[in-house]
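Here is what Swiss-Prot records for this protein:
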BINDING   10-15, 54, 70-71, 87, 146-149, 169, 174-175  ITP binding site
BINDING   42  Mg(2+) binding site
């Protein structure tokens, strides 16, 4: 008997690869992960609000179980900005601009927040799973192909995400922490069925 399908709704190949790598660490993961890129409206609000609305819309569009993800990078000196709007900030001002936002502030600490959402299907409850990693904003270091990874030095490592090999990143990142909670939920759910 084959495993039920779970669709990860994303158009970001880097996120998809990380999720596949992290899920592969779970022996006998009870779902077959597929991927679909949907054009979904993104509301404005907290990361949790965005993740919940996006997942409900995706489940309705797909007519089945799905997961979505929303990521934020919050600068403590700016009260959590850019937060869930980091993607737009990156497109507009890039790594250097994000660094310049903190010029004049002693506090360069930041929180990376990942919220995964799971929905079993249309009109079903959306479940949220949040992971958080602390760090400090630094001038870009390492490859620049994956969002803001080069500017967040992770607390206690001396490395930015971009400087880490995928195995190291995928055992301590905000995405890993959120996915671990999601995996535990999904494994428990599969045992109930």
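Backbone N, Cα and C define each Cβ position, glycine as well.
On a predicted model such as this, the values are computed, not experimentally measured, just so you know.
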**OP:** Give the distance between the Cα atoms of residue 42 (Mg(2+) binding site) and residue 10 (ITP binding site), rounded to the nearest whole Å.
**Re:** 13
**OP:** Using all protein chains shown, find which of the binding-site residues 87, 174 scores highest when you count other CB atoms within 10 A of its CB.
**Re:** 174
**OP:** Could you find out if DSSP has residue 10 (ITP binding site) as helix, strand or coil?
**Re:** coil
**OP:** Drop a 10 Å sphere on every Cβ of the binding-site residues 42, 54 and tell me which sphere holds the fewest other Cβ atoms.
**Re:** 42
Original post:
Long-range same-chain neighbours of residue 13 (ITP binding site), Cβ under 8 Å, sequence gap at least 6?
Top reply: none
**OP:** By Cβ count within 10 Å, point out the most packed of the binding-site residues listed: 10, 148.
**Re:** 148
